[in-house]
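S.K.: Quick paste from TrEMBL:
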| type | residues | note |
| --- | --- | --- |
| SIGNAL | 1-16 | signal peptide |
| BINDING | His316, His320, Glu339 | Zn(2+) binding site |
| ACT_SITE | Glu317 | active site, proton acceptor |
| ACT_SITE | Tyr406 | active site, proton donor |
| DOMAIN | 494-633 | domain 'Peptidase M1 leukotriene A4 hydrolase/aminopeptidase C-terminal' |
Amino acid sequence: MIKYLIISTLVLSCFTIDLDPNTFSNYLEVRISHLHLEWLLDLDNKLVNGTAEYQLKVLKNVDHIDLDIYLLDIFNVYLLNGNSLEFQIQVVQNQTLVQGDKLIIKLDRQYRALENLIIRIKYAYTEKARAAGFLTKEQTQSKKVPYMFSQCEAIKCRSLMPLQDTPSVKFTYSSTVLSKDPLIKVFMTGHQVDSLQLIEHYEETKLYQYSFKLDIPIPAYLIGIVAGEVEQKNVGGNCYVISEPYFLDDYTRELEELPLFLQKMSEYIGPYIWGEYKIVILPQSCPFGGMEHPLLTFASPMMIVGDKSGVGIAIHEIAHSWMGNTVTGNNWSNLWIMESLCVFLERKTYQFVRPKDYDVIEAINGNIDMIEDIESFVDPEKITYKSLHPNTAWKNPNDSFSLVPYEKGYQLLYYLEQLIGEENFKQFLRSYLDNFKFQSIDEDDFYKYLLRWVRLNIQNNQQMIINEIILIYKPWVYDQGLPPRQFNQTTPKYEQAILLANAWIQTNEQPQNANEYKEYMPNQQTIFMQQIMANWNKLTKSKIQSLDDFYKFSGAKQGVQIGFKWYRTIVLCQYEESFWAVRQFLQSIGVRSYIVGIYEVLIQNYLDLAKQWFEEDKYLYHPLVSNKVQDMLNKASIIELI
């Protein structure tokens with residue numbers, strides 16, 4: 001953990017701030033207070049020309065501004081009066097393709113603390129921007145116009161604009177996006193507003209303008225855009241679904257519970273402050289499950305199963321409206337502050353909108369997957385990723401992302417709830433949100449506020465509770481591996497699924513209660529399939545065939561986690577009769593973790609086939625996905641030669 005000592009000249013005081021090691025900006029000297037973007041889209045050529053205007057507050061005497069950039073073309077930096085400012089791009093310790101570079105802007109004079117200034121930067125980005133996903137029109141459903149979407153978390157936003165690209169800095173924001181094609185519609189983070197005044201002059205005589213504004217401060221990673229042939233439809237109340245027109249009615253039916261989710265979550269945690277709630281279902285090549293931009297959640301179409309079993313992604317992203325978007329972790333070592341609180345709120349909402357113990361099964365599944373992730377971090381460079389506070393210095397913090405911050409953090413929160421009581425913990429969370437509203441905090445802020453709240457609000461067993469928090473909190477956050485208190489959530493529904501799976505694994509006969517599976521909740525079915533996959537080496541090909549003949553898993557429209565675990569099992573067991581379904585699965589999704597997970601076992605067992613499939617299908621995937629699989633294939637080919 002990097003610490004920075006601050007000494008006030010007015011009142012002698014000293015406190016520490018958990019700094020962000022993944023930004024090159026001088027955000028402790030000068031800070032963005034408002035960002036305005038103006039973008040001209042040229043999606044046919046995968047090019048965006050932009051001008052960014054920054055309103056900045058000077059925190060201490062400064063004569064330069066350092067911003068984060070990643071493979072941007074910088075043309076000009078200037079003041080509002082038109083005077084240009086000198087700038088240079090500095091490569092920092094060969095980080096160009098890891099974290100990017102530093103844009104150093106020399107100001108026209110030294111600015112003193114508390115002064116304000118405004119600068120503009122004219123620049124462009126292309127398909128090299130790792131936050132941008134450019135699809136050709138052939139990759140869309142209608143094949144009429146190209147499509148673009150963004151994914152800025154964690155530090156990819158610096159590839160779309162020069163920024164203080166750190167969750168420590170929050171700013172209000174506005175934007176204007178210009179399209180040359182009337183079929184291309186645009187949605188961005190924020191509320192759509194009437195046209196804002198343009199900064200630049202354009203040669204094109206006919207441009208279609210979309211403007212957005214957000215008066216609640218957000219960090220850079222929450223800026224998002226989708227542009228293409230997209231429409232929106234109301235699903236009730238303040239909730240909307242956005243997608244390509246062909247899919248909109250089906251998606252709307254699947255997501256008709258959105259207003260209910262929002263209502264139940266608000267009843268538990270407090271008012272929803274953002275106004276409308278919109279969710280964009282992206283094309284198949286979307287490489288992530290969901291992304292929580294305010295007023296513009298992004299989600300993979302894998303959540304659309306047909307039976308509403310996949311909409312947990314939407315509940316999770318709605319929860320970010322409070323946990324992450326309102327109160328934010330101040331660096332990527334504190335991702336758990338956003339994600340674990342969000343998982344906790346998501347599962348609390350399940351208690352109101354799903355059958356009994358649905359939330360418990362989710363927690364059990366999460367624990368199983370978390371243990372797998374913890375055990376996977378064997379590289380000494382990644383060993384700290386087993387903790388809730390990983391070291392991300394000189395790394396792309398995305399590499400540290402796993403289920404550890406989600407599930408290990410959730411288990412801490414669940415344990416605290418058991419310790420101080422369910423109603424008390426709800427009141428603590430509400431107080432926490434109110435106290436840190438619109439701020440970025442670290443793990444120590446959370447810890448100190450928790451102790452203070454307990455001292456002020458808990459009378460029964462207060463000292464025992466405080467002693468236990470002091471004993472377990474820091475080991476839970478900083479120690480690597482499993483939490484200091486054993487996970488203890490359980491339900492008979494878990495044992496039921498395990499017993500049925502074991503009956504298939506351990507006997508040669510079809511279990512008498514085999515039909516029971518069809519009555520399980522979807523996440524209970526995942527427990528069953530996890531047990532099948534974990535025991536793949538005990539399964540004969542005839543047993544795999546019996547399972548498939550009875551349940552019709554191969555090629556079925558089912559939850560993506562169930563499909564993923566089944567198709568990994570198929571490959572591990574070398575059951576080639578269902579490889580057609582494995583290929584079909586790989587062609588139907590774009591999410592990185594699932595594609596990489598299938599190719600991982602495919603490469604181990606069928607390297608030549610993996611090469612053939614990937615060569616034919618790689619155009620379907622986002623570069624973040626195809627680059628990863630290509631890297632895996634390259635490494636496997638080198639090992640094969642050795």
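Numbers run from 1 along the shown chain.
A Cβ is built for glycine as well, from the same backbone N, Cα and C atoms used for every other residue.
No curator has checked TrEMBL annotations; they are predicted automatically.
What you are looking at is a predicted structure, and each value in this text was computed from that prediction instead of being measured.
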S.K.: Taking only the Cα atoms, work out how far the residue listed as 'active site, proton donor' lies from Glu339 (Zn(2+) binding site), in Å, as a whole number.
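M.R.: For the residue listed as 'active site, proton donor' versus Glu339 (Zn(2+) binding site), the Cα atoms are 5 Å apart.
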S.K.: Return the residues near His320 (Zn(2+) binding site), defined as same-chain residues 6+ apart in sequence whose C-beta is under 8 angstroms from its C-beta, sorted by sequence, else 'none'.
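M.R.: His320 (Zn(2+) binding site) has long-range Cβ partners Glu292, Thr297, Met338, Cys342.
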S.K.: Please list, in sequence order, every residue of the chain apart from His316, His320, Glu339 whose Cβ lies within 8 Å of the Cβ centroid of the Zn(2+) site.
M.R.: Gly290, Glu292, Glu317, Ala319, Met323, Gly324, Met338, Cys342, Val343, Glu346, Tyr406
S.K.: Give the residue counts of the domain 'Peptidase M1 leukotriene A4 hydrolase/aminopeptidase C-terminal' (494-633) per reduced DSSP state, in the order helix, strand, coil.
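M.R.: Helix/strand/coil tally for the domain 'Peptidase M1 leukotriene A4 hydrolase/aminopeptidase C-terminal' (494-633): 111 helix, 0 strand, 29 coil.
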S.K.: Under 8 Å Cβ-Cβ from Glu339 (Zn(2+) binding site), six or more apart in the same chain: what's there?
M.R.: Gly324, Pro405, Tyr406, Gly409
S.K.: Validating a neighbour-count step here. Other CB atoms within 10 A of the CB of the residue listed as 'active site, proton acceptor': how many?
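M.R.: Other Cβ atoms found within 10 Å: 25.
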S.K.: What number of additional C-beta atoms lies within 10 angstroms of the C-beta atom of His316 (Zn(2+) binding site)?
M.R.: 23
